Amino acid sequence: MPSEHPFSDGISTPNPKETMNDTAQITAGYGRRYIVRTPDGTTYEASTRKKRVDFACGDRVRISPVNAEQVVIEDFLPRQSLLYRQDAWKTKLIAANVTQLLIVTAAVPSPSVRLLQRALLAAEAAGIRAVIVLNKADLPETALWLEKLKFYETLGYPVIETRVLENADSLRPVLQGHSNILLGQSGMGKSTLTNALLGSQTARTGDISAALDSGKHTTTHARLYDLNGETQLIDSPGLQEFGLHHLQAADLPHYFPDFRHLVGQCRFHNCTHRAEPGCAFKAAAETGAASPERLAFLQGITDELLG
């Protein structure tokens, strides 16, 4: 089984004994400045103690008042999930307590298979359901990209088509009942989809941007919205890379739906799935039961983590 999550001390079912009058949820953040919302719907500007930055959009936190408009975040409550990325130099928390990741992609501008596969891997590692959203599906360039995405449907990842000029209603049943996050490259239409889903709430986003001194750069930080009483949506900044250095190489096969059933079936328990005889992974790729490209991806990520 996969190793213990590096943030496992903060992932569990929230304690029902926590009092509600001193708790809030982070709905936006930039650096060490945050916007939090209490259970009664009141929003506050928030700072942290001792320059802490280990908070994420979606975190439920304990707060202490500073004045009528400001509070201090004391700590986060136990997390149900944590989505983050890590390269060789730094860790970037993306969102906490999400139950569903929607990877927004489109044929234009040029989509990244590398980013898609890495985001899917991160979702598997975090125990978060992943959905692929094919936006701008009415573009003529879409057909070839859709054909490539159909492979991921065979792995169990739904592919939902949306069109920028429509109202994103095809997404609403998928989002319902989940704490969702939209993630993808810049230019894929995440914010446009968010605005379509929010409708009349869109005009309120300027207040948060002003509070964070972010001006017009409304996609430089993650932001959480309530779509209804049971559904939340986080719009996140566009990204080009998704570091996976927080994962353990030995755990990787568990995060591949196309290979996890083969774990333990190789002749050697320490098989690297390369040149060893009796490798179940290699056999699956050679017979067409699994994709050779996916095996190469697994090998590449393994090398990256061990390098």
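Even glycines carry a Cβ here, placed using N, Cα and C.
Per Swiss-Prot, the features are as follows:
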type     : residues                                                                                               : note
REGION   : 1-21                                                                                                   : region 'Disordered'
COMPBIAS : 10-21                                                                                                  : compositional bias 'Polar residues'
DOMAIN   : 85-242                                                                                                 : domain 'CP-type G'
BINDING  : Asn135, Lys136, Ala137, Asp138, Gly184, Gln185, Ser186, Gly187, Met188, Gly189, Lys190, Ser191, Thr192 : GTP binding site
BINDING  : Cys266, Cys271, His273, Cys279                                                                         : Zn(2+) binding site
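Residues Asn135, Lys136, Ala137, Asp138, Gly184, Gln185, Ser186, Gly187, Met188, Gly189, Lys190, Ser191, Thr192, recorded as contacting GTP, have a largest CA-CA distance of 19 Å. When the binding-site residues Cys266, His273, Cys279 are ranked by how far their Cα is from the Cα of Ser186 (GTP binding site), His273 comes first. Checking each of the binding-site residues Gly184, Lys190, Thr192 against His273 (Zn(2+) binding site) by C-alpha distance, the shortest gap belongs to Gly184. In the shown protein chains, 24 other C-beta atoms lie within 10 A of the C-beta of Lys190 (GTP binding site). For the binding-site residues Asn135, Thr192, the largest tally of other C-beta atoms within 10 A is found at Asn135.
Annotated pair Cys279 (Zn(2+) binding site) and Gly184 (GTP binding site), C-alpha to C-alpha distance, rounded: 34 Å. Under a cutoff of 8 A between CB atoms, and with a sequence separation of 6+ in the same chain, the neighbours of Cys271 (Zn(2+) binding site) are Gly278, Cys279, Phe281. Long-range C-beta contacts of Cys266 (Zn(2+) binding site), restricted to its own chain and to partners at least six residues apart, with a cutoff below 8 Å, comprise His273, Glu276, Gly278, Cys279, Ala280, Phe281.
For the Zn(2+) site, the Cβ centre of Cys266, Cys271, His273, Cys279 serves as reference, and the other residues of the chain with Cβ at most 8 Å from it are Arg267, Phe268, Thr272, Arg274, Glu276, Gly278, Ala280, Phe281, Lys282. Taking the binding-site residues Ala137, Met188, Cys279 in turn and counting surrounding C-beta atoms within 10 angstroms, the largest count is reached at Met188.
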